[in-house]
Amino acid sequence: MIRKIPSFIEVYKSLIQIPTISSNNKLLDQSNKNFIDLLSNYFSDLNFSVKNYQIPHTDKYNMLACVGSGNGGLLLSGHSDTVDFDEKKWTKDPFKLTETNNKFYGLGAVDMKGFFALILEVISSINIKKINKPIYILATANEETDMSGARNFIQSTIIKPDCIIIGEPTSLKLINAHKGHMSYSIKVIGDTGHSSNPDHGVNSIEIMHDVIRSLLILKKYFKEEYQHPNFSIPYPTMNLSSIHGGSAINRICPLCILNFEIRPIPGLTLTQIEIVIKEKLETIMKKWSHRIFIKKLFSSVPAYECPHNSGTIKIVEKLCQLNSAAVNYCTEAPFLQRIAPTLILGPGSIEQAHQPDEYLEHYFIQPTKNIITKLINKFCY
(Lines of atoms letter the chains of each structure in order from A and count residues from 1; the text may use other names and numbers.)
(Lines give C-alpha, C1' and ligand atoms only; values in the text may rest on other atoms or scores of the structure.)
Protein backbone atom coordinates (compact mmCIF):
# COMPACT_ATOMS: atom_id res chain seq x y z
CA MET A 1 0.00 0.00 0.00
CA ILE A 2 1.28 3.47 -0.89
CA ARG A 3 2.13 5.49 2.19
CA LYS A 4 1.10 9.13 2.07
CA ILE A 5 3.94 11.62 1.87
CA PRO A 6 3.73 15.10 3.41
CA SER A 7 1.97 17.95 1.61
CA PHE A 8 3.58 19.79 -1.29
CA ILE A 9 4.56 22.69 0.98
CA GLU A 10 6.06 20.41 3.63
CA VAL A 11 8.04 18.47 1.04
CA TYR A 12 9.23 21.70 -0.57
CA LYS A 13 10.33 23.07 2.82
CA SER A 14 12.22 19.91 3.67
CA LEU A 15 14.14 19.97 0.37
CA ILE A 16 15.09 23.63 0.67
CA GLN A 17 16.37 23.31 4.24
CA ILE A 18 19.09 20.80 3.28
CA PRO A 19 22.20 22.60 1.94
CA THR A 20 23.52 21.08 -1.30
CA ILE A 21 25.99 23.68 -2.55
CA SER A 22 28.30 22.67 -5.38
CA SER A 23 31.38 24.81 -5.80
CA ASN A 24 34.82 24.60 -7.34
CA ASN A 25 35.99 26.10 -4.06
CA LYS A 26 36.53 23.08 -1.80
CA LEU A 27 35.79 25.19 1.27
CA LEU A 28 32.26 25.86 0.00
CA ASP A 29 31.50 22.54 -1.69
CA GLN A 30 29.03 20.28 0.16
CA SER A 31 27.82 16.70 -0.02
CA ASN A 32 24.28 16.15 -1.29
CA LYS A 33 23.86 12.84 0.56
CA ASN A 34 21.27 14.05 3.07
CA PHE A 35 19.18 15.54 0.29
CA ILE A 36 19.39 12.37 -1.82
CA ASP A 37 18.50 10.22 1.20
CA LEU A 38 15.42 12.34 1.91
CA LEU A 39 14.31 12.36 -1.72
CA SER A 40 14.84 8.60 -1.89
CA ASN A 41 12.64 8.09 1.15
CA TYR A 42 9.83 10.11 -0.39
CA PHE A 43 9.87 8.05 -3.58
CA SER A 44 10.20 4.81 -1.63
CA ASP A 45 7.08 5.79 0.29
CA LEU A 46 5.32 6.06 -3.08
CA ASN A 47 6.36 2.48 -3.94
CA PHE A 48 9.21 3.45 -6.26
CA SER A 49 12.27 1.27 -6.47
CA VAL A 50 15.17 3.57 -5.58
CA LYS A 51 18.90 3.26 -6.11
CA ASN A 52 21.51 5.80 -5.07
CA TYR A 53 24.87 5.90 -6.80
CA GLN A 54 27.98 7.53 -5.40
CA ILE A 55 30.02 9.55 -7.86
CA PRO A 56 33.50 7.99 -7.75
CA HIS A 57 36.05 9.74 -5.51
CA THR A 58 33.45 12.20 -4.18
CA ASP A 59 30.85 12.52 -1.44
CA LYS A 60 28.18 13.26 -4.06
CA TYR A 61 25.33 10.98 -5.14
CA ASN A 62 22.83 10.44 -7.93
CA MET A 63 19.38 8.99 -7.31
CA LEU A 64 17.36 6.95 -9.80
CA ALA A 65 13.82 6.09 -8.75
CA CYS A 66 11.61 3.86 -10.87
CA VAL A 67 8.10 2.48 -10.83
CA GLY A 68 6.80 0.14 -13.50
CA SER A 69 8.71 -2.13 -15.82
CA GLY A 70 9.44 -2.79 -19.46
CA ASN A 71 10.91 -0.66 -22.19
CA GLY A 72 10.31 3.02 -22.90
CA GLY A 73 8.47 5.28 -20.50
CA LEU A 74 9.34 8.73 -19.17
CA LEU A 75 12.36 10.07 -17.29
CA LEU A 76 11.91 13.28 -15.30
CA SER A 77 15.29 14.71 -14.37
CA GLY A 78 16.73 17.47 -12.24
CA HIS A 79 19.88 18.33 -10.32
CA SER A 80 20.08 18.17 -6.56
CA ASP A 81 22.72 20.86 -6.06
CA THR A 82 22.60 24.64 -5.87
CA VAL A 83 25.15 27.37 -6.37
CA ASP A 84 26.79 29.20 -3.48
CA PHE A 85 25.16 32.38 -2.16
CA ASP A 86 26.16 35.77 -0.80
CA GLU A 87 24.50 36.02 2.60
CA LYS A 88 24.82 39.81 2.61
CA LYS A 89 22.63 40.11 -0.48
CA TRP A 90 19.85 37.82 0.75
CA THR A 91 17.02 39.38 2.74
CA LYS A 92 15.55 35.96 3.58
CA ASP A 93 16.97 32.75 5.03
CA PRO A 94 18.29 30.80 2.00
CA PHE A 95 17.55 27.47 3.72
CA LYS A 96 14.03 28.25 4.85
CA LEU A 97 11.18 28.21 2.33
CA THR A 98 9.49 31.59 2.67
CA GLU A 99 6.10 32.12 1.05
CA THR A 100 5.15 35.74 0.45
CA ASN A 101 3.84 37.95 -2.37
CA ASN A 102 2.73 34.84 -4.30
CA LYS A 103 6.31 33.59 -4.42
CA PHE A 104 8.31 30.80 -2.81
CA TYR A 105 11.76 32.03 -1.73
CA GLY A 106 14.80 29.91 -0.93
CA LEU A 107 18.12 28.70 -2.30
CA GLY A 108 17.17 26.18 -4.97
CA ALA A 109 13.52 27.24 -4.94
CA VAL A 110 13.52 27.61 -8.72
CA ASP A 111 16.84 25.97 -9.62
CA MET A 112 15.63 23.38 -9.07
CA LYS A 113 14.29 21.75 -5.91
CA GLY A 114 10.77 22.98 -6.58
CA PHE A 115 10.58 20.67 -9.59
CA PHE A 116 11.14 17.62 -7.37
CA ALA A 117 8.45 18.78 -4.94
CA LEU A 118 6.02 19.13 -7.85
CA ILE A 119 6.88 15.68 -9.22
CA LEU A 120 6.18 14.15 -5.81
CA GLU A 121 2.90 16.04 -5.56
CA VAL A 122 1.73 14.69 -8.93
CA ILE A 123 2.91 11.13 -8.29
CA SER A 124 1.15 11.03 -4.92
CA SER A 125 -2.17 11.84 -6.61
CA ILE A 126 -2.20 9.31 -9.47
CA ASN A 127 -2.77 5.57 -9.65
CA ILE A 128 0.65 4.24 -10.58
CA LYS A 129 -0.59 0.64 -10.46
CA LYS A 130 -2.16 1.13 -13.89
CA ILE A 131 0.93 2.33 -15.75
CA ASN A 132 2.11 0.30 -18.73
CA LYS A 133 5.61 1.77 -19.00
CA PRO A 134 8.06 2.92 -16.34
CA ILE A 135 8.29 6.32 -14.71
CA TYR A 136 11.88 7.24 -13.87
CA ILE A 137 13.01 10.09 -11.63
CA LEU A 138 16.66 11.13 -11.80
CA ALA A 139 18.36 13.49 -9.34
CA THR A 140 21.94 14.30 -10.26
CA ALA A 141 24.93 15.77 -8.45
CA ASN A 142 27.31 18.58 -9.40
CA GLU A 143 25.32 20.10 -12.25
CA GLU A 144 26.45 23.53 -11.10
CA THR A 145 30.14 22.64 -11.47
CA ASP A 146 31.43 19.85 -13.71
CA MET A 147 28.16 17.96 -14.36
CA SER A 148 29.87 14.81 -13.13
CA GLY A 149 26.55 13.43 -11.94
CA ALA A 150 25.06 13.34 -15.44
CA ARG A 151 28.36 12.27 -17.00
CA ASN A 152 28.59 9.35 -14.57
CA PHE A 153 24.94 8.37 -15.01
CA ILE A 154 25.10 7.94 -18.78
CA GLN A 155 28.18 5.76 -18.47
CA SER A 156 26.51 3.28 -16.14
CA THR A 157 22.78 3.25 -16.88
CA ILE A 158 21.00 0.72 -19.07
CA ILE A 159 17.57 2.35 -19.15
CA LYS A 160 16.07 3.54 -22.45
CA PRO A 161 13.04 5.76 -21.86
CA ASP A 162 11.01 7.13 -24.74
CA CYS A 163 11.42 10.70 -23.52
CA ILE A 164 13.51 12.65 -21.02
CA ILE A 165 12.31 15.94 -19.54
CA ILE A 166 14.76 18.10 -17.60
CA GLY A 167 12.82 20.44 -15.33
CA GLU A 168 15.20 23.41 -15.39
CA PRO A 169 13.45 26.79 -15.01
CA THR A 170 12.32 27.67 -18.55
CA SER A 171 9.16 29.60 -17.61
CA LEU A 172 7.37 26.48 -18.92
CA LYS A 173 8.72 27.14 -22.39
CA LEU A 174 9.85 24.07 -24.30
CA ILE A 175 13.59 24.07 -25.05
CA ASN A 176 15.11 21.73 -27.63
CA ALA A 177 18.57 23.27 -28.11
CA HIS A 178 21.25 25.20 -26.27
CA LYS A 179 24.84 26.24 -26.72
CA GLY A 180 27.78 24.51 -25.09
CA HIS A 181 30.54 25.93 -22.94
CA MET A 182 34.33 25.75 -23.01
CA SER A 183 36.70 27.74 -20.81
CA TYR A 184 40.45 28.20 -21.07
CA SER A 185 43.30 29.97 -19.36
CA ILE A 186 46.39 31.12 -21.26
CA LYS A 187 49.53 31.85 -19.27
CA VAL A 188 52.44 33.79 -20.74
CA ILE A 189 55.73 33.71 -18.85
CA GLY A 190 58.23 36.50 -19.52
CA ASP A 191 61.52 37.57 -17.98
CA THR A 192 61.40 40.45 -15.58
CA GLY A 193 63.80 43.34 -15.30
CA HIS A 194 63.92 47.08 -14.75
CA SER A 195 61.77 49.01 -17.18
CA SER A 196 64.64 51.39 -17.95
CA ASN A 197 66.15 48.65 -20.13
CA PRO A 198 63.28 46.78 -21.88
CA ASP A 199 65.64 44.69 -24.03
CA HIS A 200 67.04 42.98 -20.95
CA GLY A 201 63.71 41.28 -20.27
CA VAL A 202 60.75 39.68 -22.03
CA ASN A 203 57.44 41.44 -21.48
CA SER A 204 54.65 38.87 -21.10
CA ILE A 205 51.99 41.50 -21.82
CA GLU A 206 53.46 42.14 -25.25
CA ILE A 207 53.37 38.43 -26.08
CA MET A 208 49.80 38.25 -24.77
CA HIS A 209 48.94 41.09 -27.15
CA ASP A 210 49.77 38.77 -30.05
CA VAL A 211 47.80 35.94 -28.43
CA ILE A 212 44.73 38.15 -28.12
CA ARG A 213 45.05 39.26 -31.73
CA SER A 214 44.96 35.59 -32.79
CA LEU A 215 41.95 34.90 -30.57
CA LEU A 216 40.04 37.85 -32.03
CA ILE A 217 40.69 36.45 -35.51
CA LEU A 218 39.23 33.17 -34.24
CA LYS A 219 36.23 35.01 -32.79
CA LYS A 220 35.54 36.59 -36.19
CA TYR A 221 35.99 33.21 -37.89
CA PHE A 222 33.33 31.61 -35.67
CA LYS A 223 30.87 34.40 -36.42
CA GLU A 224 31.39 34.22 -40.18
CA GLU A 225 31.60 30.45 -40.66
CA TYR A 226 29.02 28.96 -38.27
CA GLN A 227 25.36 29.91 -37.98
CA HIS A 228 22.27 28.40 -36.33
CA PRO A 229 19.10 30.39 -37.09
CA ASN A 230 17.16 29.18 -34.03
CA PHE A 231 19.36 31.10 -31.60
CA SER A 232 18.91 34.79 -30.79
CA ILE A 233 22.69 35.05 -31.12
CA PRO A 234 23.05 32.64 -34.04
CA TYR A 235 26.79 32.00 -33.97
CA PRO A 236 29.41 30.63 -31.53
CA THR A 237 30.55 33.36 -29.17
CA MET A 238 33.89 34.03 -27.55
CA ASN A 239 34.38 36.16 -24.46
CA LEU A 240 37.78 37.36 -23.23
CA SER A 241 36.66 37.41 -19.64
CA SER A 242 39.67 38.44 -17.53
CA ILE A 243 43.32 39.39 -17.85
CA HIS A 244 45.95 39.90 -15.16
CA GLY A 245 49.59 40.86 -15.42
CA GLY A 246 52.28 43.05 -13.97
CA SER A 247 53.07 44.30 -10.49
CA ALA A 248 54.90 47.63 -10.72
CA ILE A 249 55.05 50.51 -13.18
CA ASN A 250 58.85 50.28 -13.44
CA ARG A 251 59.08 46.51 -13.85
CA ILE A 252 59.00 44.42 -17.03
CA CYS A 253 55.94 42.20 -16.68
CA PRO A 254 57.02 38.58 -16.01
CA LEU A 255 53.59 36.95 -16.05
CA CYS A 256 50.28 37.57 -17.82
CA ILE A 257 47.18 35.35 -17.59
CA LEU A 258 44.11 35.54 -19.82
CA ASN A 259 40.88 33.61 -19.25
CA PHE A 260 38.35 33.19 -22.02
CA GLU A 261 35.26 31.16 -22.87
CA ILE A 262 33.64 29.84 -26.04
CA ARG A 263 29.97 28.92 -26.41
CA PRO A 264 29.60 26.58 -29.41
CA ILE A 265 26.36 26.04 -31.30
CA PRO A 266 24.91 22.62 -32.19
CA GLY A 267 26.80 21.11 -35.10
CA LEU A 268 30.15 22.39 -33.85
CA THR A 269 31.80 19.77 -31.67
CA LEU A 270 34.20 20.31 -28.80
CA THR A 271 36.90 18.49 -30.74
CA GLN A 272 36.43 20.77 -33.75
CA ILE A 273 36.85 23.83 -31.56
CA GLU A 274 39.98 22.47 -29.92
CA ILE A 275 41.49 21.83 -33.36
CA VAL A 276 40.66 25.34 -34.57
CA ILE A 277 42.13 26.93 -31.43
CA LYS A 278 45.39 25.06 -32.00
CA GLU A 279 45.44 26.11 -35.65
CA LYS A 280 44.87 29.80 -34.91
CA LEU A 281 47.50 29.87 -32.16
CA GLU A 282 50.00 27.60 -33.91
CA THR A 283 52.34 30.32 -35.22
CA ILE A 284 52.67 32.21 -31.96
CA MET A 285 52.86 29.00 -29.93
CA LYS A 286 55.82 27.85 -32.02
CA LYS A 287 57.54 31.20 -31.65
CA TRP A 288 57.11 31.24 -27.88
CA SER A 289 56.69 27.52 -27.14
CA HIS A 290 58.54 27.77 -23.83
CA ARG A 291 56.55 30.81 -22.71
CA ILE A 292 52.90 30.21 -23.69
CA PHE A 293 50.81 27.62 -21.86
CA ILE A 294 47.10 26.89 -22.33
CA LYS A 295 44.82 24.78 -20.16
CA LYS A 296 41.13 24.11 -19.65
CA LEU A 297 39.58 25.79 -16.64
CA PHE A 298 36.53 23.53 -16.30
CA SER A 299 35.09 20.44 -17.94
CA SER A 300 33.60 21.38 -21.30
CA VAL A 301 29.89 21.00 -22.03
CA PRO A 302 28.91 20.24 -25.64
CA ALA A 303 26.13 22.04 -27.44
CA TYR A 304 22.78 20.24 -27.47
CA GLU A 305 19.92 19.86 -29.90
CA CYS A 306 16.95 17.54 -30.09
CA PRO A 307 16.15 17.81 -33.83
CA HIS A 308 12.86 19.42 -34.82
CA ASN A 309 11.98 16.37 -36.89
CA SER A 310 12.14 14.19 -33.77
CA GLY A 311 8.89 12.42 -33.06
CA THR A 312 9.34 13.20 -29.37
CA ILE A 313 9.35 16.95 -29.98
CA LYS A 314 6.18 16.72 -32.03
CA ILE A 315 4.46 14.68 -29.34
CA VAL A 316 5.43 17.03 -26.50
CA GLU A 317 4.69 20.19 -28.50
CA LYS A 318 1.20 18.92 -29.28
CA LEU A 319 0.62 17.58 -25.79
CA CYS A 320 1.64 20.81 -24.03
CA GLN A 321 0.56 23.18 -26.82
CA LEU A 322 4.05 24.65 -26.97
CA ASN A 323 6.59 25.41 -29.67
CA SER A 324 10.20 24.47 -28.96
CA ALA A 325 12.98 27.07 -28.88
CA ALA A 326 16.73 27.46 -28.29
CA VAL A 327 18.55 29.17 -25.39
CA ASN A 328 22.12 30.27 -24.69
CA TYR A 329 22.67 28.70 -21.24
CA CYS A 330 23.80 25.11 -20.53
CA THR A 331 22.11 22.09 -18.95
CA GLU A 332 22.71 18.35 -18.62
CA ALA A 333 20.74 17.76 -21.82
CA PRO A 334 23.71 16.98 -24.12
CA PHE A 335 24.60 14.07 -21.83
CA LEU A 336 21.11 12.67 -21.24
CA GLN A 337 20.36 13.07 -24.95
CA ARG A 338 22.71 10.12 -25.52
CA ILE A 339 20.17 7.89 -23.77
CA ALA A 340 16.90 9.14 -25.24
CA PRO A 341 15.33 12.22 -26.89
CA THR A 342 15.66 14.98 -24.31
CA LEU A 343 13.78 18.25 -23.84
CA ILE A 344 14.01 20.98 -21.21
CA LEU A 345 10.79 22.19 -19.63
CA GLY A 346 10.29 23.42 -16.11
CA PRO A 347 8.67 25.95 -13.76
CA GLY A 348 10.06 29.38 -12.95
CA SER A 349 12.30 31.80 -14.76
CA ILE A 350 15.99 31.29 -15.43
CA GLU A 351 16.33 34.99 -14.53
CA GLN A 352 15.76 34.06 -10.88
CA ALA A 353 18.36 31.29 -10.84
CA HIS A 354 21.68 32.05 -9.09
CA GLN A 355 20.24 35.31 -7.72
CA PRO A 356 19.82 36.64 -4.17
CA ASP A 357 16.31 35.94 -2.85
CA GLU A 358 15.79 33.27 -5.51
CA TYR A 359 12.10 32.48 -5.94
CA LEU A 360 9.48 30.44 -7.77
CA GLU A 361 6.23 32.23 -8.53
CA HIS A 362 2.93 30.66 -7.48
CA TYR A 363 1.39 30.81 -10.93
CA PHE A 364 3.78 28.15 -12.22
CA ILE A 365 2.58 25.52 -9.73
CA GLN A 366 -0.69 24.29 -11.22
CA PRO A 367 0.40 24.50 -14.90
CA THR A 368 3.52 22.49 -14.05
CA LYS A 369 1.45 19.82 -12.30
CA ASN A 370 -0.82 19.67 -15.34
CA ILE A 371 2.13 19.24 -17.71
CA ILE A 372 3.77 16.52 -15.59
CA THR A 373 0.44 14.69 -15.45
CA LYS A 374 0.00 14.91 -19.23
CA LEU A 375 3.53 13.64 -19.83
CA ILE A 376 3.03 10.65 -17.54
CA ASN A 377 -0.34 9.85 -19.12
CA LYS A 378 1.15 10.01 -22.61
CA PHE A 379 4.37 8.07 -22.12
CA CYS A 380 3.50 5.67 -19.28
CA TYR A 381 -0.19 4.70 -19.53
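Just so it is clear, glycine is given a Cβ too, placed from its N, Cα and C backbone atoms.
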Of H79, H200, H209, residue recorded by Swiss-Prot at the Zn(2+) 1 site of D111, E168: H79
Further Zn(2+) 2 ligand in Swiss-Prot, beside D111, E144, within candidate set H354, H362: H354
Cβ neighbours of D81 (active site) where a neighbour is any other Cβ within 10 Å: 27
H79, D81, E168, H354 filtered to the recorded positions whose C-alpha is within 10 Å of E143 (active site): H79, D81
8 Å Cβ shell about H79, D111, E168 centroid, Zn(2+) 1 site members excluded: G78, M112, F115, E143, I166, G167, P169, T331, G346, A353
Nonlocal neighbours by CB distance (under 8 Å) for D111 (Zn(2+) 1 binding site), same chain, sequence gap 6 or more: T82, V83, E168, P169, G348, I350, Q352, A353, H354, E358
Cβ-centroid neighbourhood (8 Å) of the Zn(2+) 2 site, D111, E144, H354 excluded: T82, V83, G108, A353
Among H79, H354 [binding-site residues], residue with fewest other Cβ within 10 Å: H354
Fewest other C-beta atoms within 10 angstroms, as judged across E143, E144, E168, which are the recorded positions: E144
